[in-house]
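Please read the structure below before turning to the comments.
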């Protein structure tokens, strides 16, 4: 340094310093995947050269921009102009109180472009390549300052030159670096997302049943955020784990990547139905940027917000934990809430046995205490989310097993506490949650209750389960640790006298498998009007034959491990019902064949005959008839329900299915054909499946449906010697 100073101090300096020359002319063009620049015409841009000089301009009608007389070296171009249009949809996102989005004009334009390939994969060429010196595939996030609300980057076949910005002397932290004196074409990836489609009509449709079966299963997965600590000290978060809630909505669907796996136990692919939408209309996961949003800053400590905290509830590590897990996401029109059911943890299994009823403070009647405690945790979680993001969206709530019972209470709490709210509820294999008064008070809640053929869980809690949780926990622990008779002791300690019986809420949809030949069966989705059908699974397991004796070991624990209760059994059943309905809709035939009708009718008639014989036996065996009037009346009511079920079933065999029954509001959707084509493009959705196919209308000598009959059940009950056993009270 001293030598240079000495040289400069000489009267005749041999060193000549020249100013940078502003003689470079660099051009660029923004195009879509079809090589068209018109979608980006009129956008304002900003460029900065290596000397830090800024240039501004407007793209011409072909999406081209030119910077003349800039200093030698590279040029970094950005398109930072915020959206200034009048579309209320975008202005609402920009101006909302919580997490206002930095939406640019470029983003809005990119959302209006379309992919060249239907699956959203990057193209290997572009017509505009022939007219340029350099060609790159870029995304909106490459050209703007704020990208936390944008999708993660996707792999490019023509990636940007990462080293180019290193020559910019620190200028141009954001943007794309262009080579000087050359023409560069930038293919901007369309900002489109895949969105899980859901019918907006309150009525039942098979599409929603299938879609929400997948979401109820996804609720068992973690959120998958990295880093996963709290507070989050990183500047960004990601969701690499599959399957996880965060990966589904924040990375896969937002990046236009189809995803199907909702559970690691699923061995077969079950693809949801997706529609292509502008990115801002996706199922949203809130952005994370500590520099942009103060509530994301780690200095907030316990109050810090991040996607996992906003969208995911897992209270296991909280004080007074209820082991409740749920997730919530939203679109401009709908808000989806999914609640996890019984997990592998014993705490959940015991919570299902905690049948003490308490007052439902938000409405009428009494409800299951354990379910209510979980519902209150879920309610606080959902209300906090709604305070930030709810405008006019419909609420779609789903849950499986315990999650279905919690979802019912949550939905009724929200309906009671929120004026003008529109709620749809789908539950799968849900146990009973409240008494008759609660069910009457919640009569206006739209609830579609799905039950698998051999799922016993919807039959509990039973009327003999009204005892405190603490006592049940001790007895169950004893049963697991000591003798097989422990569970019988638990059952014998439970009585009828504490509260009104539990009842079901909602409109039942029941899967019934029908064996019609050796090794062959079909399945129907219907609404039986009698409890004989839906209670069979519980009765069969309560009185299972083992060398002539009923099986009683660890009964409640067994119920929640029955294969037909798991969501991995519900999903294939929902898929089969959907395919069956698609086929009968296309063929314009009834959903139930005459052959199936004949088999089910024979079974129902058999039930009725067994009840009649039981009534006669009671009347004949005991002269003190008044003591049994209530039992006889209950049996007579069930006979009437059996008759109504027969009438309802006969109607199914003479009516055809409508598009609205299959697809709901999507039946009139202009993109329905595209949605269906995307789904059927997967070969697994076109495979032949036994439960999908209606049996041929042929005269048959099929054996009757194998079951434990009512006569056998009554005989076992009469044979019981323990007067305190609640089974003797049936």
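Using the three backbone atoms N, Cα and C, a Cβ is placed for every residue, glycine included.
Sequence-remote contacts of a segment are chain residues at least 6 beyond its ends whose Cβ falls under 8 Å from one of its Cβ atoms, and for the coiled coil (625-652) they are 524, 526-533, 590-592, 597, 600-601, 604-605, 607-608, 611-612, 614-615, 618-619. According to TrEMBL, the coiled coil annotation covers 625-652.
According to TrEMBL, the domain 'Fungal lipase-type' annotation covers 337-462. Counted with DSSP, the domain 'Fungal lipase-type' (337-462) comes out as 54 helix, 30 strand, 42 coil.
A mean pLDDT of 88 is what the model gives for the domain 'Fungal lipase-type' (337-462).
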